[in-house]
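Notes follow the structure.
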Amino acid sequence: MKPFLPLSPVYKTNDLVLIDDDELDHYHNNNLLHDTSTRRTAASSFNLTASDRGYREDYRRHRSTRYTRKHSVHSDEFPTEELGAIRPGGVVDLFARDHIGLLLNWCIIGFFNGATQAIVYPLFLSYLNYEGYQSTAAIALLNMAWYFKFLFGFFSDCLPINRYRRKPYMYIGWAMLMVFMTVMSIMGTADPYMVNGIVVNPDADTQGPRFIIPLAIASFARLMVTVACEGMMIEYAHREGELIRGRTQCMTFIFRFIGETSGTMAVALGCNGPEYGGGFAHSIPLRSIFALLAMFAFAGIYITRYCVYEEQIPTSTQPVRNHLERVWSIVQQPTTWQLMIFGFLLKGVTGYEIIEFNKIYTEWLDASSLALNLTDTGIASGVLFVAILISRYWLNSNWRWMVVCSLILGLMVMIPVDMITVFDVWRHQAVYLIKGQIIGILDAFFQILRLMIIIEVTDPGYEATTYGLISTVYNLATPVVSMSKNVIATTFKHGDLKEDTMEVRWHVAYEFFAKYALRLVIVLLILPLVPRQKSHAKERRQAKSLNLTLPVLLCIFFACLFVTAITSSMLSLFPSTACLRFAGGKGCS
C-alpha cells in the first residue's frame, strides 16, 4: 500500500487516501473507486476532477514520497534551510568561489565609505582651511548621490544590460571610481593652508573644487555599485528558509563594516600630520590616498569578473510603463509605506543631535579629529559584533522587543554620561567617546532590523528598487533634521560654552532632555509599524490596502522632501545663499 494525496484543487481534506496499483488501474478503466471498506469508499465522496492521465501522473510522482499529517522542519523533503523560502534555488554558499565576490564587493564598498567620511574633516577644514559654509557645501555634495538611490535601484532591476541586472552596473561603478581616483592621484596636489602653525598657502581654499567635483561624481559611481550589490544580496536572502533568513544580510553587514573600519583607520592614522591639524610628525600624501582607492576599485572589477556569478534573465526588458505600474503597486502595500514612515522617523530621532554637540567636543572635551575618527572606527567594529549576535542568536527574536530594549539601554547610557559632562562632574573625552560608541552600537540594531524587514516585504524582481525607495526616504530625514535644527536655533539664545556658566550648562541640559523625550516618544509611537517577526511581516504584506489616499499623500510628501533636499544642497554651494538656514547656514545678516 502506498500513501497518496491527490493534488486536485477541490480537495479540502487533510486525511490520507490509501490506494494500491490494482485499484488505480480499476479507477482508470471505470472512473470510479469501488471498495467496500469505509476508508476507500470515503474517497469516492470527493469530487475527483483530475483527468485520468493527470491522476496517474500525480500518483506516480508521489508514490515514493513519504507523507506526514504535519511537515516537520527536520523532514528530508522540507529541510530547515529551505522551508519558507521566498525564492527557489536553495541556500547560497556565500563563501563559494562563484558567490564570495559579493562579500568582497561589500568589503570594498565599506572601505570607500569609511575613507570618504574620514577624509572630509582633515581635508576640507584643516588642509584647505574651508569656512563653515564651504565645508557644509562639500558634505552636501558628497551626500547628494544617496537621494537618488531609488532611481539607480530602478535602473538595476528594470534596465538590464545584455540580460544581466547586477554585474554590468558593478563594472560601470568600479570603472568610474578607478578612473576618478587615478586622475586625482596623478594631478598636481595643492599645498596645505598651514603647517606647524605657519601659513604656507593662504589661497588653499580656492583649490577645493579640484577635490569636491571628482569626489561628488565618484559618490554616484559608488552608489551604482552599492545598489547592484544590495539587489543581489536580497536575491540570495530570499533563497533562505524562514528560520535562517537574515544570515545573508548579517554576513554582508559584517564584511561591509570590516571594510569601513579599515578605511576609517587608514585615513585617520594616515592623515594626522601637521598639514591636517594632527599630532603626528608625518602623514600619507593625498596622492597616495587616492592611488590606494584606485587600486581597491580595480580589485572590485577583478572580483566582479571572476568571483561573482549571475544568471541571465530569460526575457528582454519590458516597457518602462509596466515596471512603473508594478512599483506603484508595491508602494500601495501597507508594509511598504509603513516601513517608509518607520525608517524616516527613526532616522530623524537617532540622527538628531543638540545644536552645541560639536562645541562640546571642541570646547569642553578638547577632542581631536583623530579621536573622532577612532570613535567612528569603534562604532563600525561594534556593528560587526551586533551583526554576529543577530545572525547566531536573534534571527527569530521579536523585532519589537529588540527595538524597545535598544531604546531603553541607549537612554540608560546617554543620560548619566551627558549629565556628568554638562555639569562638569567628570569631563573626559574617552568616557564621552565610549558613550558615543555604545550608542552607535545600539542604534545598529535599528539599522539591521530595518534591513531584515525590507527583505521580507520586497517583491522578487524589484529588489534594488524596493530597497532603494525605502532607503531614499530614510536618507531624506538627514536634511530635514538639519534644517529643523537651524530653525530651532533662531528661537533660543545660546550662551558661549567657553564661559561655562551654570546658565549655559542648564541650557545644554534642557536640550539634552528634549532630545531624550523626542527619542523615547517617537520610537514608541512608531513601534506598531514594526512587524513582530517574519510571519507577521508576511501577513501584513498579503493584506490589501483599503485606502489609497495615504500612499498618495506620502508619495507627494516625500517627493517634496526630495526637492527640498536637492535645493538645499545646491544653495549651499554659493556664498550668497549658503548663509541661509534652509541651506544649513547660521542665517544671513
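These residue numbers are counts, starting from 1, taken along the chain as shown.
Using N, Cα and C of the backbone, Cβ positions are placed for all residues, glycine too.
Unlike curated entries, TrEMBL annotations are predicted automatically.
Under the heading transmembrane segment, TrEMBL lists 103-124 (among others). Tertiary neighbourhood of the transmembrane segment (103-124): same-chain residues 94-95, 130, 134-135, 138-139, 142, 170, 177, 208, 211, 215, 219, 222, 225-226, 229, 233, 251-252, 255-268, 271-272, 276-278, 286, 289, 293, 296-297, 299-300, 303-304, 307-308, 369, 372-373, 376-377, 380, selected by CB-CB distance under 8 Å and a gap of 6+ residues from either end.
Among the features that TrEMBL reports, transmembrane segment is placed at 136-156 (among others).
TrEMBL lists 168-190 (among others) with the feature transmembrane segment.
Tertiary proximity for the transmembrane segment (210-229) is limited to same-chain residues at least six positions away from its ends with a CB under 8 Å from its CB atoms, namely 102, 105-106, 109, 112-113, 116, 123-124, 128, 137-138, 141-146, 148-149, 152-153, 156, 165-167, 169-170, 172-174, 176-177, 180-181, 183-184, 187, 190, 252, 300, 464, 467-468. TrEMBL lists 210-229 (among others) with the feature transmembrane segment.
Residues annotated as transmembrane segment in TrEMBL: 250-269 (among others).
What TrEMBL lists as transmembrane segment is 289-308 (among others).
Distant neighbours of the transmembrane segment (378-395): 114, 243-247, 250-251, 253-254, 257-258, 260-261, 264, 402, 433-434, 436-438, 440-441, 444-445, 447-448; these residues of the same chain sit at least 6 beyond its ends, with a Cβ under 8 Å from one of its Cβ atoms. The feature transmembrane segment is assigned by TrEMBL to 378-395 (among others).
As annotated by TrEMBL, transmembrane segment applies to 401-426 (among others). Residues 360, 364-365, 394, 432, 435, 438-439, 442-443, 445-446, 449, 500, 505, 508-509, 512, 516, 519-520, 523-524, 527, 530 of the same chain, all 6+ positions outside the transmembrane segment (401-426), place their C-beta atoms under 8 angstroms from a C-beta of that stretch.
The feature transmembrane segment is assigned by TrEMBL to 438-455 (among others).
For the transmembrane segment (512-530), the residues of the chain that approach it from at least six positions outside its boundaries are 338-339, 341-342, 345-346, 348-350, 352-354, 399-400, 403-404, 407, 410-411, 414-415, 418-419, 422, 449, 453, judged by C-beta separation under 8 angstroms. The transmembrane segment annotation in TrEMBL covers 512-530 (among others).
Away from its own ends, the transmembrane segment (550-574) comes close to residues 133, 136-137, 140-141, 143-144, 147, 331-332, 337, 340-341, 344, 472-473, 476, 479-480, 483, 580, 582-585 of its chain (Cβ-Cβ under 8 Å, at least six residues beyond either end). Among the features that TrEMBL reports, transmembrane segment is placed at 550-574 (among others).
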Chain residues in Cβ proximity to the transmembrane segment (438-455) (below 8 Å; excluding those fewer than six residues from its ends, i.e. six or more beyond): 234, 237-238, 245-246, 249-250, 253, 335, 339, 342-343, 346, 350, 378-379, 382-383, 385-387, 390, 399, 402-403, 406, 409-410, 413-414, 466-467, 470, 474, 530-531, 537
